[in-house]
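Participant: So TrEMBL has the following annotated:
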TRANSMEM  20-43  transmembrane segment
TRANSMEM  49-68  transmembrane segment
TRANSMEM  89-105  transmembrane segment
TRANSMEM  111-134  transmembrane segment
TRANSMEM  155-178  transmembrane segment
TRANSMEM  198-216  transmembrane segment
TRANSMEM  250-274  transmembrane segment
TRANSMEM  286-308  transmembrane segment
TRANSMEM  315-332  transmembrane segment
TRANSMEM  352-378  transmembrane segment
TRANSMEM  399-421  transmembrane segment
TRANSMEM  441-460  transmembrane segment
Amino acid sequence: MHARQPLAPSSPGFATTLAYGSGAIATGVAYAGLSGAVLQYYLNQVLRVPAYIVGLAIMVSLIVDAVVDPLVGQWSDNVRSRWGRRHPFLYASAPLGALAFYFLWNAPQGLAGPALVAFTLALLVVVRIAGSLYDIPSNALAPELAPDYDARTTLVAFRFLFLVIGGVVMTVILNAVLLRNDATHPLGLLNRHGYEQFGLIGGLGIGAAILVSSLGTHGRIRHLHLPPVRKPTLAQTFGEIRQTLTNPSLLALMISGLLSGISGGMMQGLNNYFYTHLWGLSPGQIAFLVVVTYVGSFLSVILAPILSKRFGKKPAMITTFSVYLVAALTPMTRKLMGLMPANGSPWLMPILILDAVIAGTLVILGFVIVSSMVADVVEDVAVKTGQRSEGLLFATNGLLSKFTTGIGAFLAGMMVTAVHFPAHAAQGTVPESLMRHLALLYLPAHAILTAASIAVLVFYRIDRATHEHNLSQLREAALLAEEVVEHRAEAGV
């Protein structure tokens, strides 16, 4: 039996929303470094680890991460402490994440071959475990902080906003400051010292963001659900997990995440190759293009709640992702058809910027709405199982996408290997035919996987009416449980 918790308001206050969202800066910083566009390029072109080994190492680290996520989710769903279910994990992740991120980019000088691969893989695993200790419990807070159908979309939008801010700021620092071209490093992307400084700045940012967010939401602990005191058997535990994971709406989200994870992993793994050698962009131009790609994060805070309220979450999401796919594929397709301005043309960057703003706005908007849809599954599962399993739900939704992002990174490495991309290649030395071959491998794979991930979400079943019905049923069940407790107390049971 668990103690009664004070009821939380249906919408969190603005201060709580900001505090909650700000923690995602840490996730954004980690994404900036762990994306294939940075990590894969750094290991392959700077440390000279073969591309297929880099892809394999990233895939292995993501597989380990995918195993850890559900364990963290299930554990945090059932923890009873004076800091609630989630905050012990949040506080633990801050120092671990900060230190692991720093050492990932500061491998000992002279380390090479299998030793370098082992060192990098170990640090990758620790960084991802630290990320799980923060991301899973933090995501799991959203449904309880904002039970309302529309309010949680706003809360999730702010989380994405800060995630993007963290990622963009670190990307700008990395490309425009730490890796800028100079006399010593004509191609700044090959400057190892810049990556070492990136590790220091990123590690400090991760630790600070998590602590600020955790302290800022600490006061809400008294409003959050406290799990009952019980000792379920192993069979009961696996039965609850099975009931949770077989929810039809969750399955639709998981399969969609699987497909989009592969597609996204390929894109991240190849971005810097295309930016540098297909479009001929400088590190400063790459940084600027990345920044404008995420202008949409600011618009999503406003647009996501409006669109989901006006059209419903599923129709709004499917539409935004579909238009995004067209926008994302257009520039490279036109390049292969000879319909884009030549590299160095004053018209090239404006066209790429416009497309990046459109595609970035749409994809971020879609991801905000999808995350809110995951939160809505929480109550749907609770009605059927009697258990609140936010941690397990968010971990499971991210499990396949993380695993398949690793597959995507591996496939990107295989594509680079298949076209015989030269190691430590300077800008302007890669044949146009080679980049064309790489693009022809990438484009159809990205299009098919992304389109399939959109189509699967048609099977998501929860709309506003379903969600409100679920909340009503849970309130009735809670009142009934309280009456039973009171009757037992009066009877001296």
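Using N, Cα and C of the backbone, Cβ positions are placed for all residues, glycine too.
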Participant: Have the transmembrane segment (441-460) and the transmembrane segment (198-216) got at least three CB pairs under 8 Å, pairs 6 or more apart in sequence?
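Facilitator: Contact absent: fewer than 3 Cβ pairs fall under 8 Å.
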Participant: Same chain only, please: residues at least 6 beyond the ends of the transmembrane segment (20-43) with a C-beta under 8 Å from a C-beta of the stretch. Say none if there are none.
Facilitator: 12, 49, 51, 54-55, 57-58, 90, 97, 101, 104-105, 120, 124, 127-128, 131, 134-135, 138, 141-142, 145, 155, 158-171, 174, 189, 195, 198-199, 202, 205-207, 209-210, 212-214, 216-217, 265, 268-273, 408-409, 412-413
Participant: Hey, does the transmembrane segment (315-332) touch the transmembrane segment (198-216), meaning at least 3 C-beta pairs closer than 8 angstroms, sequence gap 6 or more?
Facilitator: no
Participant: Residue list, the transmembrane segment (89-105) vs rest of chain: Cβ under 8 Å, 6 or more residues beyond ends.
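Facilitator: Long-range Cβ neighbours of the transmembrane segment (89-105): 23, 26, 29-30, 33, 42, 72, 76, 79, 83, 120, 123-124, 126-127, 129-131, 133-134, 136-138, 195-196, 198-200, 202-204, 206-207, 210-211, 213-214.
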